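Undergrad: Got a structure here, written out as structure tokens. Questions coming.
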Amino acid sequence: MQADFSEMRYELQSRDGLWRRMQLECQQLHTELLKIKEYKDMQEIQIKHQSSRVQLTEPLENKNTELLLFSESQERQQEELNKIRNHIYREEQSHCSEQERMKTEISDLTEELHQKEITIATIMEKATLLERQLKMELETKDKLLAKQQLLEFQYQVVTSENTHLKEMV
């Protein structure tokens, strides 16, 4: 049972480590997303400045294409982030259900241990009672043995007196 608990503890620790790594990756992705948003904002500002200064459509179209590519990249990263979040959520659910299962198992084992302790206490009480009864029976038998020995001695005395009286008669 301890080996099972150790194995479960190891598995939970490894899952916890995986969960922490995923959280770290989420934080890193979030940081990257913020950087990308800043970069996008900077590009938008640059585009606005360029459009106000220069009315060239070709550079704007290039920037728009870059922004579209960037937004597609951002969407892919968002999808990846969502996948990671879903994976983390599933891992958390699995972790929680595993914890609940372990709590239930521990509760069951505790109850079983309690029942065994009660059984042991009952057996000990019965053993103590039987021991007392045995002592009382031994004392009674010792008294009866002593009484029997006394009666045998008295019988021998009476027999010897009887023999003596017969001889005298």
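Glycine residues also receive a Cβ, built from the backbone N, Cα and C atoms like all the rest.
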Undergrad: Of the ranges 43-70, 71-98, 99-126, which one does TrEMBL list as coiled coil?
TA: 99-126
Undergrad: If you average pLDDT over the coiled coil (99-126), what do you get?
TA: 94
